[in-house]
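Q: Let me give you the structure first, and then I'll get to my questions.
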There are 2 protein chains.
Amino acid sequence: MELQFLGTSSGTPSRARNVSGLALHAPGSKHWYLVDCGEGTQHRILRTNYSPMSLRAIFITHIHGDHCYGLPGLLASAGLLNRSEPLLIAGPPAVERFVRGVMESTELRLPYAVEFAHVAPGWAISSLPDFRVEVAELSHRVPSFAFTFVEKSIERRLDIGKLERDGIASGPGWGQLQRGEDIALPDCRVARSADYLLPGRRPRKLIVAGDNDTPSLLAAQAQDAHVLVHEATYTEDVLQKVGPGSQHSSARATAAFAEEAGIPNLVLTHFSPRYQPAGNGSPSMADIEAEARAAYQGSLFLASDLQRYTLDRHGVLAAVPLPNAS
Amino acid sequence: MELQFLGTSSGTPSRARNVSGLALHAPGSKHWYLVDCGEGTQHRILRTNYSPMSLRAIFITHIHGDHCYGLPGLLASAGLLNRSEPLLIAGPPAVERFVRGVMESTELRLPYAVEFAHVAPGWAISSLPDFRVEVAELSHRVPSFAFTFVEKSIERRLDIGKLERDGIASGPGWGQLQRGEDIALPDCRVARSADYLLPGRRPRKLIVAGDNDTPSLLAAQAQDAHVLVHEATYTEDVLQKVGPGSQHSSARATAAFAEEAGIPNLVLTHFSPRYQPAGNGSPSMADIEAEARAAYQGSLFLASDLQRYTLDRHGVLAAVPLPNAS
């Protein structure tokens, strides 16, 4: 599984960071998925290997502009590329109102269908090719959600020793058993697939959260999750100054929750533009990192734009070296 | 007067060119003006000396997304900067519907007033500090306009020889005469300002046109214009293939009009992303340039993103060398 950040800034873009966007891709899939789509997301996509043509679905965590103002332009560009496949947009109902309103007021006509799913507590979707997706409701100034992506296609492995012990000869029948089909044996016995499949590995599970001032709302989703992507808009001291009305999380609060929930990989994002690159002034990204490290013992990452991460089958998250700054 | 292009691509951004946006600035003014605001315009502004705080007015030529989808994000970012000055947005009525609709559906609240002016044939505005602005109606798939910017503050110069011949001694009275005030002389004569001002130079006049398939619609505006900024979306051969339904102009058509109208400076922009940088494949920007040069004898420029131009008091347009590619 691959994650690539398209934007990691809160509220407004900076020269180094765009507003929110995250690309997801399952190994071998011809599709990819987008979580949030701030203004300029399509510009970032131009700097990746992804295309608006193969985008299968867009998930919008909440209706604030830094998470959705890139939608109309991305839809329009996919139309100019002559996309014909339907595109799913899942998010709070306001997202459909926003997109349909813009399409109408700006006379945007698309050569493909846009399908909307209204996200609410308990919503889930199992019909996408690569992931089962669930939501958890968060706490922010507007309805905000986390999307949990659970990998769908776990390799099935046959118990070869048992097959041999039971005298089932190798051949096309093994393939059928592996695909989940029962087979009739030459001696009229029936071999049931379920009896010869080894227990599957745990599916990879990734949580991508929208803006949220209460990370513990993710406690149920966090069980068995391999990765949490969550905002850390401020350090604790700045959050105290800004006040609770912003309804954002500090690096400390997010990290403390991930520690308590036992999530092995934590990726922080959605940083206030006031945080400078480390060594470039104060407050800095180093402050965010130090605060999070003090509260969290797992693998910690601070996302940056265009950074790619791979999550392997063992649940290990690793940053992919960037070829060049672009 | 300074022009700086923020985007020069048609329809969709490329890696090198953003969609439409053009910054205008009058010498010494603390304000600046924006014509069109495609998605990502605020990102381009981050790479200029301009700020959303000092932006006085935005002019939108037409409602297509590549000319206006950057508005909501720019308005939001000015709000996050705590802008308090009102901001004027002038454009076809659909622009107000678009912006108000987005503000409502995405719960965007601003700490400053946005004032809308509905542009229609004959519309003009004289109350802005730096320019008188007029419009001309163009021909495109939706209502589209050109904005003509006529410089307001022409230096007044005194006829010193005549003042001396008439025995009017230098002193504070000269300043009053220069400011347009009549003065009483010690000998009870009255000196009238109008009698001692030299004829003013011609105000600088710049036309920035929206999408348009009929450049000759600008014939009246073109009289005495120093600069025309106009689309040249395609070369003539590509336009023939695309067909007239796109309602765009070829480089040849735009250049031929500027030649016939006697406009001394022509800046082409809004290029289809199919045109590659010269030497990088076909069709190329060199094709656009060659076609325009064959039809136009004046000063020809092909705009690129972040390129600045100065228009001096003599009506000479010059490109400002770029410090560095960004």
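Don't overthink the numbers, they just go from 1 along the chain as shown.
Here the Cβ of each residue, glycine as well, is placed from N, Cα and C on the backbone.
The shown structure was predicted, so the numbers you read here are calculated from the model rather than taken from an experiment.
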Q: Which single residue out of A:Asp195, A:Asp211, A:Asp224, A:Asp237 does TrEMBL record at the Zn(2+) 1 site shared with A:His62, A:His64, A:His140?
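A: Answer per TrEMBL: A:Asp211.
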Q: Suppose a student reads TrEMBL and sees A:Asp66, A:His67, A:Asp211 listed for Zn(2+) 2. Which of A:His118, A:His270 should they find annotated at that same site?
A: A:His270
Q: Please list residues from the chain of A:His62 (Zn(2+) 1 binding site) whose Cβ is under 8 angstroms from its Cβ, counting only those at least six apart in sequence.
A: A:Gly91, A:Pro92, A:His140, A:Val142, A:Pro143, A:Ser144, A:Phe145, A:Gly210, A:Asp211
Q: Pick the one among the binding-site residues A:His64, A:His67, A:His140, A:His270 whose Cβ has the fewest other Cβ atoms within 10 Å in this structure.
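A: Each of the binding-site residues A:His64, A:His67, A:His140, A:His270 was scored by Cβ atoms within 10 Å; lowest is A:His140.
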Q: Look up A:His67 (Zn(2+) 2 binding site) in the DSSP assignment and report helix, strand or coil.
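A: Note: A:His67 (Zn(2+) 2 binding site) is helical by DSSP.
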Q: Distance check, please: Cα of A:His64 (Zn(2+) 1 binding site) against Cα of A:His270 (Zn(2+) 2 binding site), rounded to an integer number of angstrom.
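A: About 13 Å separate the Cα atoms of these two residues.
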Q: Report, in sequence order, every one of the binding-site residues (A:His64, A:His67, A:His140, A:Asp211, A:His270) having a CB within less than 8 angstroms of a CB belonging to chain B; if no such residue exists, report 'none'.
A: A:His64
Q: With every protein chain in view, what's the tally of Cβ atoms within 10 Å of the Cβ of A:Asp66 (active site, proton acceptor), excluding that atom itself?
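A: Excluding its own Cβ, the number within 10 Å is 27.
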Q: What is the interatomic distance between the Cα atoms of A:His270 (Zn(2+) 2 binding site) and A:Asp66 (active site, proton acceptor), given in whole Å?
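A: Between the alpha carbons of A:His270 (Zn(2+) 2 binding site) and A:Asp66 (active site, proton acceptor) there are 10 Å.
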Q: Around the Zn(2+) 2 site recorded as A:Asp66, A:His67, A:Asp211, A:His270, what other same-chain residues have a C-beta within 8 angstroms of the site's C-beta center?
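A: Surrounding the site, in chain order, are A:Ser10, A:Gly11, A:Val19, A:Ser20, A:Asp36, A:Gly38, A:Thr61, A:His62, A:His64, A:Gly210, A:Glu231.
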